[in-house]
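A.B. asks: Pasting the feature list from Swiss-Prot:
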- Cys25-Cys42: disulfide bond (DISULFID)
- Cys28-Cys49: disulfide bond (DISULFID)
- Cys39-Cys54: disulfide bond (DISULFID)
- Cys43-Cys56: disulfide bond (DISULFID)
- 1-24: signal peptide (SIGNAL)
- Arg37: site 'Important for the binding to the catalytic site of MMP2' (SITE)
- Lys38: site 'Important for the binding to the catalytic site of MMP2' (SITE)
- Arg40: site 'Important for the binding to the catalytic site of MMP2' (SITE)
Amino acid sequence: MKFLYGIVFIALFLTVMFATQTDGCGPCFTTDANMARKCRECCGGIGKCFGPQCLCNRI
């Protein structure tokens, strides 16, 4: 069972790392009220906070 948890953790980690590298903007913090605006500006007007990440390919 620990092996399965390890595989799931690695898959999740790699997914987050890949998404962060391909989209280039910083994380979205829920404590910052202007985070959605900062994410949009970082992505040239098309960015959107998706969970803790700012993704530039989300509309």
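Just so you know, glycine gets a Cβ as well, placed from its N, Cα and C.
For each listed feature, how buried is it and what is near it?
C.D. replies: For the recorded site, Cys25 (disulfide bond), the DSSP three-state label reads coil. Around Cys25 (disulfide bond), a 10 Å sphere centred on its CB holds 19 further CB atoms from the protein chains shown.
Taking the Cβ of Cys49 (disulfide bond) as centre and 10 Å as the limit, one finds 19 other Cβ atoms among all the protein chains shown.
For Cys39 (disulfide bond), the number of other Cβ atoms no farther than 10 Å from its own Cβ, over all displayed protein chains, is 24.
Look at Cys43 (disulfide bond): DSSP puts it in coil.
Cβ environment of Arg37 (site 'Important for the binding to the catalytic site of MMP2'): no same-chain residue six or more positions apart lies under 8 Å away. According to its DSSP assignment, Arg37 (site 'Important for the binding to the catalytic site of MMP2') is helical.
Residues within less than 8 Å, Cβ to Cβ, of Lys38 (site 'Important for the binding to the catalytic site of MMP2') and separated from it by at least 6 positions along the same chain comprise Asp32, Cys54.
Taking Cβ-Cβ distances under 8 Å and a sequence gap of 6 or more within the same chain, the neighbours of Arg40 (site 'Important for the binding to the catalytic site of MMP2') are Ile46, Gly47, Lys48.
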